[in-house]
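Peer 1: Sharing a structure below in structure tokens format, with a few things to ask.
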Amino acid sequence: MTHRMFNRLLWLTKSAALGAGFIFLQEREANDIEEQFTPVNGPAKLERAIVEKNFPPSEEFSQLRLTSDGTYASLIITGLHGENVLTEAAFNDILELDRQVKNISTGNTFENLCAKTKGNCMSNLILDIINYNATEIISSAITYPMNNGTFLGPSIGGVELKPDSSEISSAKAVRLFYFLDQEKTMENSEWLDGFLKLLSSYTKQKTVHVSYFTSISRQHEFENNSDSVIPLFSVTYFLAITISILSCLRLDCVRTKVWVAAFGVVSAGLAVLASFGLLLFCGMPFAMTVATAPFLILGVGVDDMFIMISCWQKTEVDKAFELRLAETYKEAGVSITITTLTDVLAFYIGLLTPFRSVQSFCMYTSTALLFCYIFNITFFGACLAFNGRRERSNRHWLTCMRVPEASGDGKGCCVGGAFDENTRKEFEMPVDSFFKNYYGPFLTRVWVKVLVCLIYAGYLAVSIYGCFQIQEGLDLKHLAADGSYVGDYYDNEDEFFSDFGPNVMLVIKDEHFQYWNPTARKSLDSCLEHFQNLTMADPDIPPISWLHVYVQFGLNAGFDVDDEAQFKSHLTAFLNYSGFSQDVNFTNNHIHASRMFVQTVDIRTAIDEKNMLNAFREIAGECGKLQTPVDLIVYHPAFIYFDQYAVIITNTVQNIVVATCAMLVISLLLIPNPLCSLWVTFAIASVIVGVAGFMALWDVSLDSVSMINLVICIGFSVDFSAHISYAFVSSEESSVNDKATDAITKLGYPIVQGAVSTIAGVVVLAAAKSYIFRTFFKIMFLVILFGAVHGITFIPVFLTFLGTCGQTCSNSRDENEENLRRGTNEPQAGTDMSNSYTRQVEAHIDPDCY
């Protein structure tokens, strides 16, 4: 570090050059919800491709047959106080609102842009029933859910029926849809913006409550979420600098590390700038989940800074600063290397997940952590050397003017540079004495150990209970900010329109299926009956089947539907006449595919969605195994999002198992005692169980967002537990209690510093208005809290129960010393084979720096 100034300027220049990659940020943003938060190559995406191949879009619009959500605006109208909305007054407001929506003009009118059926815009059924006359809502006898062959489930919600009747007595909500032609993309976007502008003012004026939504609302709200956290990063930076300075502050005006702490935070910021810029240069997609990474990296970078400062303070002050820095690298290098290795490995394992949002986050975060490591041992090292030169010259931390040397532990503002004359090192900070003289001895008392075990048993019991309460899947309304109009719409939809779920498409993709064969039709009927008998299907609403209608049509028309030639000869006329033309791919006198529909009911929760999806796919598989196989698939646009349920748990478990095994290998290399390495693995499992259980109790679901954080658990669990375990086994104290106290004395304050700095890095996210960012805070808070508690409380106590874990190393050391006195380097028979490795490690590593 002879050329310290050049080194700092060099890294500042590199950071600026790589940071120029941020000019590509907008181009690299990858915020498409389907692409980022649904499984790559999920089954529903393959099923959608089959549907779109066999049933291309038709000029005749049909909401039932959409393969995507479509392009639309929607309204849910409820009474102001939950009263019946099927009143003349309410419908006067509804009809006025409908008129205003249809009169929206943004260069194109609704009439020009609407999705059409038979030349007319797609209408709303409930308004058709009353002929757009509010007075008829009182006199009309509307049945539910079927009214004259029309399904009203999506249109009327919160329905109460008259006794022993299907006639509606009252309803709490009415929903209207305004579908647009999907091909007019630019014009549609402008019209939908006009719709949002109209409704944002309308809801404050009328006598009914109106919640509204468009097909672009979810995406727009999601993209705007990242803007809400940008101001929070400045708060985080201020907190990190403040905490770093306070924890490194000394009253000695020479030995204080104010500037070192500040530049440690700057180093982490430069690492984020350079690493993100490099990946943006390389074309790596930038998902919104990545916006949480700088908060985490700032905390981790500051944690490594504390370790380096701790090791610096344990060097002899009268040595040349170059030698002090060399000793600091010698002692701290292994520690921060191991920390970086475990964290980066945990994130790279996260790349195995099938969610692009997770992959993007893990790639950016792991790369940033590597850069953070590089900047700490280069740029920050140069800053540390520069500060060492100032200390060597006994200069004031602020003015850099020479001050008189203090004769003792001087605390004057104009004197400084005091050090311990016996050790030739800086004086211990008061917090180190606390862990050595108070906390350590207290923790090793018998009754305290018993209390710790009871507390741990309670922690484990609550965690396991919470694990059984975990909800799966990402609720799409969580992608919008708190207080958004999107959340209001979803809440009303959940409350009033959950009685009926998706109308699931059953696609027979077998080109050789013989629809005219009675045996084949019987097999198909049996298959449909299986679907209809599912608990989540409505037995009162028969499947929409073109084949059933066609068979009845054949009977009425007097031709033989069991004859292939007659079956095909009348099919085209039937399809054009009946409106089923979009349900049969009949070309060149051959049926390539066809589809039918089954209505589901009571799909209210994520568990219901998961069970429904699995049940339908299971029945589809069974249909293919019938005596006359029916090769079909099931599909609905919502299945694209439901697919996450099929992989979220298995992928989370897979990532945790793989990462834990990798951490076990690393801990075996780090800690020369297999038993203590198993304790590290135990700590990882314990923290993961705790975080998973408590996150469920904290209203956090297991989804692609929380999956990221569970992977983080592993790396941070190792950070705390591996170092305390190694400090325990390498302690030269004779009793296990003294070993535990010694380990806590050496590591207690660094663990607390690291935990506080990391939590400070994410705590501002608790104020974010987005579920994604709050979830990140909640789980990171749990990870760091539980990891730190395991590191300074549970693990030290548990290690004392297995004294041989530390005694092996201690006894081996005594035996080796005896061998050296006898003039031989050979270990005695029966000595642990890891002792040779232990001596090598101890020759280069001071456990005080962990």
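Note that Cβ sites are derived from N, Cα and C of the backbone, with glycine treated the same way.
Automated prediction, rather than curation, is the source of TrEMBL annotations.
So TrEMBL says this about it:
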- 1-21: signal peptide (SIGNAL)
- 229-251: transmembrane segment (TRANSMEM)
- 258-281: transmembrane segment (TRANSMEM)
- 293-312: transmembrane segment (TRANSMEM)
- 332-351: transmembrane segment (TRANSMEM)
- 363-386: transmembrane segment (TRANSMEM)
- 645-671: transmembrane segment (TRANSMEM)
- 677-698: transmembrane segment (TRANSMEM)
- 710-729: transmembrane segment (TRANSMEM)
- 749-768: transmembrane segment (TRANSMEM)
- 780-803: transmembrane segment (TRANSMEM)
- 811-837: region 'Disordered' (REGION)
- 825-837: compositional bias 'Polar residues' (COMPBIAS)
Peer 1: So if I exclude everything within five residues of the ends of the transmembrane segment (780-803), which remaining residues of that chain have a CB under 8 angstroms from its CBs? That is, six or more out.
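Peer 2: Non-local partners: 296, 443-444, 448-449, 452-453, 456, 675-676, 679, 683, 686-687, 690-691, 694-695, 698, 709, 712-713, 716-717, 719-721, 723-725, 728, 735-737, 739-740, 743-744, 747-748, 751-752, 754-755, 758-759, 762-763.
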Peer 1: Quick one: do the transmembrane segment (710-729) and the transmembrane segment (332-351) reach 3+ CB pairs under 8 Å, ignoring pairs fewer than 6 apart in sequence?
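Peer 2: When sequence-distant Cβ pairs are counted, the transmembrane segment (332-351) touches the transmembrane segment (710-729), since at least 3 lie under 8 Å.
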Peer 1: Please figure out which one of 258-281, 293-312, 332-351, 677-698 racks up the most CB pairs under 8 Å against the transmembrane segment (645-671).
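Peer 2: So the stretch in question is 677-698.
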Peer 1: Counting only residues 6 or more past its boundaries, what in the same chain has a CB within less than 8 Å of a CB in the transmembrane segment (363-386)?
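Peer 2: Result: 1, 4-5, 7-8, 11-12, 259-260, 263-264, 267-268, 270-272, 274-276, 278-279, 284, 286, 290, 293-294, 296-297, 300-301, 304-305, 308-309, 312, 321-322, 325, 328-329, 333, 336-337, 340, 343-344, 347-348, 351.
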Peer 1: Six or more residues out from either end of the transmembrane segment (749-768), which same-chain residues have a Cβ under 8 Å from its Cβ atoms?
Peer 2: 228-229, 232-233, 235-236, 239-240, 243-244, 247, 292, 295-300, 302-303, 306-307, 310, 429, 431-432, 435, 716, 719-720, 723-724, 774, 776-778, 780-781, 784-785, 787-788, 791-792, 850
Peer 1: Taking the transmembrane segment (293-312) as the first stretch and the transmembrane segment (677-698) as the second, find out whether 3 or more Cβ pairs fall under 8 Å, excluding pairs closer than 6 in sequence.
Peer 2: no
